[in-house]
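Chemist: There's a structure below that I have some questions on.
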Amino acid sequence: FLSMAMFRRLYIPPSLFLSLSFSLSVYSEYLDIWDVDMMRRPEELNKKQHHTELFNSDYLIVRRGQEFQVKITFNRPYNPATDKFAVEFVIGSSPQFSKGTYIPVFTAKERPSPWEGRVTDTADNTVTMGITPVADCIVGKYQMFVAVVTPVGIRRTRRDNSRDLYILFNPWVSADAVFLDDEKERQECVMTEMGIIYHGAYDDVAERDWNYGQFNYGVLDACLYIMDRSDMPIINRGDPIRVTRKASAMLNSRDDEGVLVGNWSGDYTYGVAPTSWTGSTDILLSYANSKMPVCYAQCWVYAAVFNTFLRCLGIPSRVVTNFYSAHDNDGNLKTDIILDENGRVDRGRTRDSIWNYHCWNECYMSRPDLPTGFGGWQIVDATPQETSDGMYRCGPASVKAIKHGQICFPFDAAFVFAEVNSDVVFYSRNKDGTMEPVKVNRTHIGRMVVTKTPGDVTRRDITDQYKFPEGSTEERTILEKAEEYGCQREKSNPPVADVDLVLPTLEISRGDDFELSLEFINRSTQHRTVEAYISGSVAYYTGVTSYEFLESSVVFLCSPGVKESMMVEFKNYVKHLVEQANLHFIATGKVKETGQIVTTMKVITLHNPKLTVTVSDGGKVNEEMTATVEFTNPFTFSLEGVYIRMEGPGIMLPKSKYYSLIPGSSSLTWTEFFTPQRAGRSRVIASLDCSAVRQVYGQASVTIEP
């Protein structure tokens, strides 16, 4: 037991306890504590009722606003009429009752406590006590002590790590700010470890499996370390608004030595390529152990690791992908593309970019700081794009505020609004340097917003949660409202050309030659002559071009249904491909008879080869199994410096293997043993990554019996 002098080191003044007016009963055999059972095993009541039985942790983990139980064994039967004891909870380095970091919990109702306590059962010398933390208490790791009143003073249990407990947010309790009244959504957005992140192009959507791993050993401690590292005051850690805003800054390393280093250069010599990661566990454990930012990340890695952080702490969350996401450098609602006097894209003067896709997170919470009706799903984004209040972070921004044009609401609503609502404006730059808008595309940006369907492996289109239908009266009203708050739009309406350009939707595998057809549609009753320019570039998914491999100028005499085709050969672009293998085509033209400008854009994402993943049959908990990855190099050239990664939620921790060389047309087979720790359905996911070809994935579903 701790003496009063020893307990004073915890910065809890003895006068605080004395002020609680315990009535000391003088008796010869005072109450003494023999044992404390935290009831922390997965099969026991606490973890099952609090939905924390999946955590790979020996500690008690509970959720706030909901009762949990502990068993206290005394030296004799407990007599409520004469015996006085309390269970004390302490968090932080300087606990104080007034700040909610020291919480004594009593069984007697006449002694008030912020947390509710009651005796639920007595048996011989053992008392079972039910304790209910308030629904807005601090989230984190608490120390627990038991104190009894004796004729000679207060006796407390000694510090014992096994009696520590974690208290998390609770989306199952209506009084909690993160309450989500939909069990299917709760299961998906809190309990599901296996995720699908969407990428690619709007008309050719691809999937990336991800193991969030929020229940893996050490991940919860790593998430709490992130808050410690941010120097976030303990007293703020019960507010999901403050927690998510601070975390959106801490998940990137731009200004605070946060978790992940962003890298869009294509050179990943000193770290792991973003396309190589298959889950969050390695990243979070590496950061917590090394105390150094982890290399490297791009938007989906930031979003995936942030998702792990949020789900681990109990905040419902999901990863969202916005196809054709505007990154506007001018702070307006326009994405500007500059054309020279000949109709060609002037890349030197075009500063705004359109990302093929961009991933961020949505988390669910109430927003008492906003007017009624703007709670629910909130956007948070850890990808370092722009600063907010001096740091690289974004959100939380209400999705409903985005849809209804309330861009003045905190936090960063105007930035997110522009990502899904910008107009693409083509300007023609004249010889004297003046610029004139020649075409406005009001439907290209924010073409589709998707996330994973709860309880399924399909995608869910949630575009209607972000914006009203294009061209609708509601949409025009919302855009006008955004203008009132200072967002500038392009108000000019250049006449629509009577000739359209159309580039086809193609599904092309890496290594294939393909035919690109440019179709001219003449909607007038007269012949039209179009001086057209076609550009093909290797591009990053952020819209930044790396190398222009196709450049062609042609003149067309347009009668209805005219098409022009050209062959694109693999050899012309293969040496210049960057990760994700995007080809960006822009066709522009000037109608000679009318002077009108016509444009069209198309992104083609080359399809990569696949990994074949197989898992041995008859899977049972705690029985060894095998997972095998097979790959054949389909190219004529060798792949050098190849990393393969493999993992599976609840069944296999992350594993990796390095191959220095895979010759062209040769095959490899890698088999790993693993022992499932949990029954149910899961997946083994694998990735192959090297400088020559990235984003090669495979997965296998597996069912584990108890």
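Backbone N, Cα and C define each Cβ position, glycine as well.
Found this in TrEMBL, in case it helps:
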- 291-384: domain 'Transglutaminase-like' (DOMAIN)
- C299: active site (ACT_SITE)
- H358: active site (ACT_SITE)
- D381: active site (ACT_SITE)
- N421, D423, E470, E475: Ca(2+) binding site (BINDING)
Chemist: Between D381, D423, E470, E475, which of the recorded positions has the fewest other CB atoms within 10 angstroms in the structure shown?
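Modeler: Counting other Cβ atoms within 10 Å of each of the recorded positions D381, D423, E470, E475 gives the minimum at E470.
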Chemist: Looking only at the domain 'Transglutaminase-like' (291-384), what are its DSSP counts of helix, strand and coil residues?
Modeler: 15 helix, 41 strand, 38 coil
Chemist: Per-residue pLDDT averaged over the domain 'Transglutaminase-like' (291-384) comes to what?
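Modeler: Its mean pLDDT is 91.
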Chemist: Sequence order is fine: just name those recorded positions in H358, D381, N421, D423, E470, E475 with a Cα within 10 angstroms of C299 (active site).
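Modeler: Near C299 (active site) by Cα: H358, D381.
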Chemist: For the recorded Ca(2+) site, enumerate neighbouring residues of the same chain (Cβ within 8 Å of the Cβ centroid of N421, D423, E470, E475, site residues themselves excluded), in sequence order.
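Modeler: For the Ca(2+) site the neighbour list reads R442, T443, I445, G446, K467, G471, L479.
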Chemist: For H358 (active site), which residues of its chain lie six or more apart in sequence with Cβ-Cβ distance below 8 Å?
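Modeler: Within the chain, H358 (active site) has Cβ neighbours under 8 Å at C299, T321, N322, S325, H327, T383, E419.
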Chemist: For D381 (active site), identify the closest of the binding-site residues N421, D423, E470, judging by Cα separation.
Modeler: N421
Chemist: CB neighbours of N421 (Ca(2+) binding site) within 10 A?
Modeler: 25
